[in-house]
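*Asks:* One structure, pasted below without further comment.
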Amino acid sequence: NPYILATLLFGLGLGTTITFASSHWLLAWMGLEINTLAIIPLMAQHHHPRAVEATTKYFLTQATAAAMLLFASTTNAWLTGQWDIQQMSHPFPLTLITLALALKIGLAPMHTWLPEVLQGLDLTTGLVLSTWQKLAPFALLLQIQNVNPTILVTLGLASTLVGGWGGLNQTQLRKVLAYSSIAHLGWMILILQYSPSLTLLALLTYFVMTFSTFLVFKLNKSTSINALAISWTKAPILTSLTPLMLLSLGGLPPLTGFMPKWLILQELAKQDLAPLATLAALSALLSLYFYLRISYAMTLTMSPNNLTGVTPWRFSSPQLTLPLAIATTATISLL
């Protein structure tokens, strides 16, 4: 029903906006709750057992994270008399809130729900979960001052490594994208306390790249590497561009995805954290391996071009193809 859909999407936007605009922990928590409650019906809309299972897992993790957040902010108010987000001073609630937000966006080692949940959803809802749902917790993470740097670095490094290793043995595209998401978030968290603007740049480029990747998979109706390998007949031009988009996600120059990684490594080196930068760069190689694997699967099976296969793509809906054209170009050539 379009009315219900509109209401839910409005709730989704409203929750995030409330969190953005709030300086009081209770209001921020309320925004996160509205956001979660709005996306849950969207996730379960197909009434598939897999979707319902994914929705339940998502609901439980988000409820746990929200409860942790509420507990930590109340504890902070109890100890310091402050409800203001930027006035967090006590180390215990600070640590707890950081962990709660890490659970919300799926940073390692609290990441295990993300691949499972994403695998149960269709590509559109999966896209919303991978992009929009990350905004509100990130806004809170950016606002928290004086958090313990060791925690952030540990979370970030663990996420880049887990995101790399987890995706290696996957054949399901949505799970690969989930692990890719974990790795990208790890990079953002690594640099968060040294240069928040770089975190935002990385988040923005990640959104653009993920957007185009999800839309291509949606256009090809492919959810596994095998399905992607034979998608050449459905959209020939796109299939030749998709490996470039995947390599951009992996962060190879001269594609867009290289820019945030380059700047982050540079900033880490400036902060005298050369070992950390080295580890992060090496963990990016792990991610690169599985992007290359998908690219190989696509480029090695290019069948001869037949007109009947090409025609449907030309006449497909502009609602999908126009954003796809913009996002693909941005993913490949924004550097």
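Glycine is no exception: its Cβ is also placed from the backbone N, Cα and C atoms.
Copied straight from TrEMBL:
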type     : residues : note
DOMAIN   : 22-286   : domain 'NADH:quinone oxidoreductase/Mrp antiporter transmembrane'
DOMAIN   : 288-335  : domain 'NADH dehydrogenase subunit 2 C-terminal'
TRANSMEM : 59-79    : transmembrane segment
TRANSMEM : 91-114   : transmembrane segment
TRANSMEM : 150-169  : transmembrane segment
TRANSMEM : 176-194  : transmembrane segment
TRANSMEM : 200-217  : transmembrane segment
TRANSMEM : 229-253  : transmembrane segment
TRANSMEM : 273-292  : transmembrane segment
*Asks:* Near the transmembrane segment (273-292), which same-chain residues lie under 8 Å Cβ to Cβ, leaving out any that are not at least 6 residues past its ends?
*Replies:* 153, 156-157, 160-161, 163-165, 167-168, 170, 176, 179-180, 183, 186-187, 190, 246-247, 249-252, 261, 264-265
*Asks:* Which listed range (91-114, 150-169, 176-194, 229-253) shows the maximal number of Cβ pairs under 8 Å with respect to the transmembrane segment (59-79)?
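*Replies:* Maximum Cβ contact count belongs to 91-114.
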*Asks:* Are there residues at least 6 beyond the ends of the transmembrane segment (176-194) whose Cβ is under 8 Å from a Cβ of it, and what are they?
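*Replies:* Same-chain residues near the transmembrane segment (176-194) but 6 or more away: 102, 105-108, 111, 114-115, 117-119, 126, 130, 134, 138, 141-142, 147, 149, 152-153, 155-164, 166-167, 170, 202-203, 206, 210, 213-214, 249, 260-261, 264, 267-268, 271, 276, 280, 283-284, 286-287, 290-291, 294.
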*Asks:* Roughly where does the domain 'NADH dehydrogenase subunit 2 C-terminal' (288-335) sit in mean pLDDT, to the nearest integer?
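*Replies:* The answer is 80, the mean pLDDT of the model over that range.
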